[in-house]
Each structure stands twice: as C-alpha cells, then as structure tokens.
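Noted in Swiss-Prot for the protein shown:
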type	residues	note
DOMAIN	10-214	domain 'tr-type G'
REGION	19-26	region 'G1'
BINDING	19-26, 81-85, 136-139	GTP binding site
BINDING	26	Mg(2+) binding site
REGION	60-64	region 'G2'
REGION	81-84	region 'G3'
REGION	136-139	region 'G4'
C-alpha cells in the first residue's frame with residue numbers, strides 16, 4: 001500500500017447535518033469546508049461534490065450519506081451529510097448512529113417542520129448526544145422579532161424531545177451567501193464578511209459545545225459494516241465505523257450476522273484514503289479482509305473480535321410506539337405484526353410475538369403512544385446484545401423505538 005499515512009494529531013469527532021428537506025444541509029456542509037479551507041488543512045468541497053448520488057440529482061435531495069473531512073484549530077472532523085427525505089431515514093438511522101454530535105439545520109423562513117421533529121426524535125433514539133442548531137436563510141427574514149420567535153419555538157421543540165433546548169447554541173446565518181462570498185474571494189479571513197464569520201462562529205460553537213467523546217478503546221473490537229467494495233487485485237473491503245475497541249493489521253476477526261460466522265484476517269486498514277496500522281473506536285475505516293469474496297459479506301453484518309458476540313433472532317425489548325403527531329401509525333397493531341427492525345446498519349423483518357405492559361399484564365393490542373414490552377423474532381439472525389437500541393419502521397415511516405432488555409435465542 002503506497003498510500004500516505006493518516007496522522008492522528010488532533011482529536012477526531014464524527015459529526016453530521018440533519019434536518020428537513022431543502023433547509024440547506026448540503027449547502028451548509030459545503031460552506032463549512034470552504035470557510036475552513038482558508039484557515040488550514042481542509043480541502044474545500046463544492047455542493048456538487050457532496051450531493052453525489054444520481055437519484056438525488058434528479059430530485060435535489062440528499063440520499064446516500066456523504067462523508068467529508070475538515071479541521072478546525074483544535075479538532076479533526078468527519079462529517080456525514082445526512083439524507084433529508086422521509087424515504088431515506090433508513091440511511092439517517094445508520095448514518096446518525098455514527099455521530100458524536102449533529103448540526104440541526106432549520107430554515108428561518110419555515111421554522112421547525114415535521115421532518116425536523118422526526119430527525120430530532122431519531123437523533124434521540126439512535127443516541128446522538130449533542131446538537132447545535134444552524135438557523136439558515138436568515139437573509140430572507142427582515143424582522144428580528146420573528147427570528148426570536150422562531151428561536152423560541154426551536155428551543156421548545158428540543159426540550160420536548162429531551163434535548164437541553166435552553167442551552168443548545170443556535171447560530172443564525174446564510175450558508176448560500178457565505179458560499180457566494182467565498183466563491184468571489186476564496187481567501188476571505190475572519191472579520192471580512194459577516195456571512196462567512198457566521199459559519200466560522202458555528203464551528204467555534206461546535207468546537208466548544210460538543211465534547212470530545214471518550215472512546216471505548218479498551219472494550220472488545222466491533223465494527224458494523226455499512227458497505228462492501230471489491231478492489232481488483234486486493235480483495236474485499238468492508239467499510240464502517242468502529243463502535244468499540246481497536247484493531248491492527250494482521251489480527252484475526254469474525255464476520256457475524258445474516259450468514260454463517262466466518263473467520264478472516266485483516267490485511268489492511270484505511271481512513272480517508274490514507275493507510276493505518278491501527279484503527280480505534282470512532283474511526284470510519286475501510287477494512288481489507290483476507291480470502292473473503294464480496295458475496296460472502298454484506299451491509300448489516302459486524303466484524304468483531306472472535307468469540308465476543310453471537311448472532312441471535314429472538315429478544316425481549318422495551319419499546320415506545322410513536323403517535324400520529326410524531327409521524328407514527330394512526331391505528332393500533334396486534335400480535336403477529338411484522339415491521340422492519342433497524343439495528344446498527346441493518347434492517348431485518350421481525351414478527352412481534354407478544355406484548356406486556358410495564359406492570360407485567362398481557363396486552364392484546366398496542367396503540368400509538370404506548371410504552372410496551374415486546375418479544376420479537378427476526379427472520380434472519382443478526383449480531384445483537386442487551387442494551388442495544390433499534391428503530392421500528394413500516395412503509396417508509398418510523399413507528400417505534402426500542403431497546404433490547406434481554407436475548408432469548
């Protein structure tokens with residue numbers, strides 16, 4: 001591998017943009033890379049380079065999660081531009097599960113919209129610990145009082161979903177006007193343009209408000225596979241974020257879930273096209289697997305230290321069923337209901353076998369808004385463990401969120 005080495009000098013943070021469709025998430029991502037490219041080691045990325053999938057071009061809506069890297073004075077960031085459209089919440093669930101914090105982008109002309117709320121709820125469910133808000137399109141509002149009202153509404157919405165709405169930083173600005181200024185003069189520095197300053201101010205707030213996470217480097221290694229590539233002459237590469245532990249080139253690992261357990265050796269590690277000898281929890285990496293064909297491994301499997309996690313199909317869980325207002329079902333459901341269960345990077349159909357209320361009494365039907373214990377049997381075995389969170393989806397919408405209480409089989 002003649003690639004350049006990845007230098008681990010600054011703390012590494014995984015971050016992303018979330019929010020309603022067309023509120024300016026991808027534009028903001030581009031503005032951040034352009035503004036930071038002036039100050040140091042960041043490569044400027046244009047909107048078109050981030051907004052990369054062909055289906056998306058047709059609709060102007062971000063689908064696949066795009067990974068971008070940038071640096072501030074204090075940190076190295078990997079940024080996921082998260083899909084905004086309801087059909088692609090699936091990617092948000094798998095992309096967001098990788099975030100140490102997120103920038104919630106809200107258009108000042110609309111305020112919080114239904115998808116904004118769905119994304120805040122999902123951020124809570126998949127465990128995004130910290131949010132910072134960018135109130136975009138500020139230039140289109142000429143009334144300061146209106147901006148203040150929108151800010152109040154945002155804080156109230158965040159509080160409703162158990163985020164600290166009163167202390168979360170809200171930065172107003174215009175990502176588009178910042179990009180226009182940077183296109184005219186790519187060398188703009190702080191103090192020369194108010195719109196660019198607002199982007200730099202946002203990054204200062206992210207640096208200070210989103211804490212550097214303590215990585216689980218001393219636990220047993222586990223990576224949930226997001227994607228699989230075949231590289232001619234080199235073999236099969238699985239990509240994903242290391243959830244816990246660390247891994248070195250040459251170590252033996254197991255591939256678990258969806259198919260029979262397979263053992264393999266790691267022959268290479270890469271991050272942002274640079275090679276690594278060792279990768280640690282929090283890193284988004286490509287892992288080269290010895291002797292594994294592309295058809296033997298797929299998204300949703302995990303790569304783990306041998307003997308540390310098993311595939312299972314049946315578990316008991318505590319679940320919250322979303323109300324109609326939260327974007328959930330309008331009607332109750334019964335035993336035998338078969339929705340999709342989203343766990344880590346995988347979605348598997350599961351059959352709900354039985355329900356119990358919190359006091360242990362058996363329940364015949366479940367209403368939107370109920371908190372319930374339920375036993376689930378999946379159609380395929382996946383690597384799961386006690387304490388793991390999951391989302392329940394059906395027909396393009398999130399209908400519930402849960403946590404595994406114990407494994408049955």
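Glycine too: its Cβ is placed from the backbone N, Cα and C atoms.
Residues of the same chain lying 6 or more positions beyond the ends of the region 'G4' (136-139) and with a Cβ under 8 Å from any Cβ of it are 23-24, 27-28, 105-109, 147, 172-177, 195, 198. Considering other CB atoms within 10 Å as the measure, the emptiest surroundings among the binding-site residues 22, 138 are those of 22. Put simply, the residue listed as 'Mg(2+) binding site' is 10 Å from residue 19 (GTP binding site) when counted between their Cα atoms. Under the DSSP three-state reduction, residue 138 (GTP binding site) is assigned to helix. Look at residue 25 (GTP binding site): DSSP puts it in a helix.
Model confidence over the region 'G3' (81-84) stands at 56, taken as the mean pLDDT rounded to a whole number. For residue 26 (Mg(2+) binding site), other Cβ atoms within 10 Å of its Cβ number 26. Take the CB of residue 19 (GTP binding site) and look out to 10 A: across all protein chains shown you find 26 other CB atoms. On the backbone, the CA of residue 26 (Mg(2+) binding site) and the CA of residue 138 (GTP binding site) stand 17 Å apart.
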